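K.L.:
Submitted below is the structure of interest, expressed as structure tokens.
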Amino acid sequence: MNKPNPFFIVWSNRNYRNLLVIMLLAGLAVSSAGPLVTLFLTKELGADPSVVGLFYLTSIAGLFINLYTGKLSDRRSTRLPFIKYSAIWLSIGWIIISLSQQSWMVFAVGAVFLSFLGTLNAQTFGVVRDVIAAEKETRDATITSIIRTAYSFGWMIGPAIGPLIASLIGYRLAFWAAVLFFIAILIPLSRLRITERSQLEKVKIENNKKEKRKVNGPLLLFGFICTLMLTGEAARIAYLPLLAVDHLGMSVFQFGLLMSVAPLTELFIMPLSGMLADKFGLNKLLFAGILIGSFGFFLFASSEAIWQVVLGQMMNACFISVIFGLSVTYAQQLIPGQAGLASSVFFSAQSASFIIGSLVGSYGVHAIGLPFMFYIPSVICLFSCVLFVINDRLKQQVQPYATEKGTG
């Protein structure tokens with residue numbers, strides 16, 4: 001008998017549906033306000049452009065916050081309070097930014113408040129995993145990737161909402177869109193019906209204590225691999241506009257259209273990657289995704305015509321779809337029963353990759369210039385492929401997963 005369509009399952013299931021809405025609202029909140037921060041700092045607060053880029057270094061705090069809250073959530077009977085208070089904390093942060101009169105206040109908010117974004121995302125994925133386990137759903141990669149697609153959809157709409165509000169009534173009021181989106185998360189969150197893990201919690205806590213001093217090598221190495229392979233994203237965001245517009249003569253409007261195609265591509269590729277992963281194995285899809293990412297950066301590095309940038313951007317969209325759609329599920333399989341910690345490792349790796357990628361991109365442009373700088377993330381992705389294969393073998397030896405689809 002054929003299994004029900006996964007899209008129908010997600011929409012018809014109360015918990016999946018509300019988690020989908022939470023991811024959509026989180027994507028809208030971040031994408032509507034995030035891109036405006038640097039403009040707000042320079043135009044409203046008079047910050048030096050050379051200093052503005054340092055705002056993203058405030059995400060360093062998130063590395064530690066994510067891991068701590070992730071491990072803590074695995075020892076609680078429910079993860080919902082972590083999502084609730086993270087959403088409230090983030091909304092307070094954007095309120096303070098909207099009222100800021102000095103640039104240092106924005107930086108302080110970034111470190112103290114906005115660093116909890118990774119916690120919100122990681123805990124949401126943790127709840128997704130809990131629901132999948134409770135529903136005894138075998139197509140975990142498909143369900144997770146479909147729900148994650150809502151975040152990409154939010155990123156399609158949000159970048160239009162924020163600038164529109166800013167152009168009409170100013171940057172400060174535009175930040176209130178993020179406040180409202182984060183507060184709105186509390187509505188679908190209140191509608192979740194998650195069975196608390198009270199009966200199993202004592203056993204889990206005891207197991208955690210026994211495993212406390214043991215290091216999960218495959219999970220740590222996978223986090224390192226994620227950090228490596230995503231470093232190119234920071235460089236791409238910062239320097240692809242310069243490559244396309246200044247070096248290849250693409251108009252700003254044309255480049256804007258090119259950038260908008262990526263989230264649209266993710267809407268189709270992300271669920272498809274989940275379905276293929278459930279059929280052929282997570283490891284095979286992740287390996288292919290990293291390899292595609294390497295080829296995409298190679299096209300940027302060797303580009304002499306616009307078509308190479310277009311094709312490279314399409315390959316990058318596939319790379320992002322696979323990595324962001326499947327990596328959390330893979331990490332959760334590396335450490336069964338601790339979905340919060342596993343999800344947090346990925347989001348901490350993402351934060352670290354942005355910091356390292358910014359430094360790599362800056363050094364690469366200074367040392368070898370554009371477009372050759374993109375050879376660096378291309379090589380890093382190839383190296384990540386090798387490490388991933390080694391880690392996947394190590395995973396099967398140290399902590400074999402019980403299902404064939406998990407190991408491919």
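Every residue, even glycine, has its Cβ placed from backbone N, Cα and C.
Annotations for this protein, taken from TrEMBL, read as follows:
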DOMAIN    15-396  domain 'Major facilitator superfamily (MFS) profile'
TRANSMEM  49-70  transmembrane segment
TRANSMEM  82-99  transmembrane segment
TRANSMEM  105-128  transmembrane segment
TRANSMEM  149-169  transmembrane segment
TRANSMEM  175-194  transmembrane segment
TRANSMEM  215-239  transmembrane segment
TRANSMEM  251-269  transmembrane segment
TRANSMEM  281-300  transmembrane segment
TRANSMEM  306-328  transmembrane segment
TRANSMEM  340-360  transmembrane segment
TRANSMEM  372-390  transmembrane segment
K.L.:
Might you confirm whether the transmembrane segment (175-194) is in contact with the transmembrane segment (82-99), defined here as three or more C-beta pairs under 8 A between residues 6 or more apart in sequence?
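P.N.:
Answer yes: the transmembrane segment (82-99) meets the transmembrane segment (175-194) with 3 or more Cβ pairs below 8 Å.
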K.L.:
Take a look at 49-70, 105-128, 215-239, 340-360, 372-390 and tell me which one has the most Cβ pairs under 8 Å to the transmembrane segment (281-300).
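P.N.:
Looking at each of 49-70, 105-128, 215-239, 340-360, 372-390 in turn, the most contacts to the transmembrane segment (281-300) are made by 372-390.
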K.L.:
What average pLDDT is reported by the model for the domain 'Major facilitator superfamily (MFS) profile' (15-396)?
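P.N.:
Value for the domain 'Major facilitator superfamily (MFS) profile' (15-396), mean pLDDT as a whole number: 88.
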